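Data block below; observations after.
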Amino acid sequence: MLLQMLDYLGVAVFAVTGGIMASRKQLDFIAFLFFATLTGIGGGTLRDLLLGVPVFWVANEAYLLVCLVVSILVWFFADWIETLSKPLRWADAVGIAAYSVMGAAKALTVGDTILVAVLMGVSTATFGGVIRDTIAGEPTSIVKSEIYVSAAFAGAGSYVLLVQLGLPQVLCMVAAGLVALVLRGGAIQRGWTLPGYRGRTR
Amino acid sequence: MLLQMLDYLGVAVFAVTGGIMASRKQLDFIAFLFFATLTGIGGGTLRDLLLGVPVFWVANEAYLLVCLVVSILVWFFADWIETLSKPLRWADAVGIAAYSVMGAAKALTVGDTILVAVLMGVSTATFGGVIRDTIAGEPTSIVKSEIYVSAAFAGAGSYVLLVQLGLPQVLCMVAAGLVALVLRGGAIQRGWTLPGYRGRTR
Amino acid sequence: MLLQMLDYLGVAVFAVTGGIMASRKQLDFIAFLFFATLTGIGGGTLRDLLLGVPVFWVANEAYLLVCLVVSILVWFFADWIETLSKPLRWADAVGIAAYSVMGAAKALTVGDTILVAVLMGVSTATFGGVIRDTIAGEPTSIVKSEIYVSAAFAGAGSYVLLVQLGLPQVLCMVAAGLVALVLRGGAIQRGWTLPGYRGRTR
């Protein structure tokens, strides 16, 4: 139940980032719909293909309706959204938090090991944004010297850890989601970074 | 039967666009083969993975032979092909028409809902071209302010609609394919666009 | 057994190339881990999805440990690695050799035809490098006028051919792997190319 809520949340906020990207590129409405849907369902689609379970939006088309509604809203309110501070990056941050936990949780549900669960959380949290940026021809966030993959890693890792400690699932989800969100939020607002590789090379 | 014909057509014309891309990059023959095959089978491969059915060219290698033959033909006749008007974009247009209908039809065949069928048509019609352009380092057609995703959407949508109306499948396919082709053709020849997002942003 | 060794080798050397890319971009350790893992398991993941078999690292997480260990080693020794001659390209060459054979072998194992096996070898040998370069925003090796796809093609093709001749599997693997490695090595050290397409176009 909570798992499903988190899934809808992840889809919706990633769809928002796709819609914002389309509005910045001044695309038409169908392209809006395409970008929002692609970004919204991309991460979860990869997760389900890797886990070998039916793709979630093929099984339940309500997720596609979420993307449709988000596209319409962003189409009409993108101007207002852009008056907010860094809306694309914050929506992306919420999406990373939701999907890093959700990806790890679904992997544990189907009986995979903790290492696989962490990687599933990380890859599905970052995949939607990566394809959004790649198709839009923008540099992906992964190669910026910011906490990005690390936030997804922290979210998925702390969820798996808390579950191992036997805490109630709701608590694990909320706590792990907040860990990811705070880390990514710190990167967005304060420019938090981890020490990067500094060699003689280059 | 007609479904299969459409599948071969989609593979062949997308393979042509891959071959033309390789000739423009002046690559060697194996790279020709690679680009033609990747573009030819890319969309259908994504479709089958998402639907959870066996990948079509793994089940039937005749599709790979089509890509091989197309590669050889493009290798020898690319110069002549380039004398035609906008050959890559027109072949791509035929591919979008064939695959948008084919993707939707296969999704309906395995029992998916109409919304899923439309999305399957759109994503598989555009995916081959997206990976072709991404790997070649060219901007994808999706971010140009042209009717592109919209043509795939119109093709898949009108197919699903016509099938719901109970018309014979052959008629639905031909009509829906023409809708997509005319829309995309108008974009290529006349520069047809849909109104893009025009906000204060950017 | 040997198949598994080759799989670990392919994962490890591709992970090295991912780590080197991350060090050149001066990313943090988690991004190192991400790039190394993505590049290490990318090709095999595609192969398993296409073949419709369980994804290898979901079934056996030892592969993820390999990527973790490689990431740590590259993090500490990237400076020293860069003193070697063209380390990223040579590690990539070993990976192509290992994976072109491995991809073809696994396809034959699950009963696919020889044409499918060759394509499986080619695509899984090149896919890890393609996503590494795409996400890093670097041009992919495929569009350079070098023997790259061709080396993978020669490796997969000669493996399938030798197996058809009834030679022992170990011999087929070693010989085919060497074919790919020598071809790619020649391209790296001597600039070997195949004749590219030279038309009037462009």
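Easy rule for this one: first residue shown is 1, then count along the chain.
Cβ atoms here come from the backbone N, Cα and C positions, even for glycine.
Cross-referencing A:6-22, A:91-107, A:108-124 with TrEMBL places the feature transmembrane segment at A:6-22.
Helix, strand and coil content of the domain 'Glycine transporter' (A:5-78), in residues and according to DSSP, is 64 helix, 1 strand, 9 coil. When Cβ-Cβ distances below 8 Å are used as the criterion, the transmembrane segment (A:29-50) is approached by residues 7, 10-12, 14-19, 21-23, 56-57, 63-64, 66-68, 70-71, 74-75, 95, 99, 102-103, 106-107, 120, 123-129, 131-132, 135-136 of the same chain, each at least six residues removed from its ends.
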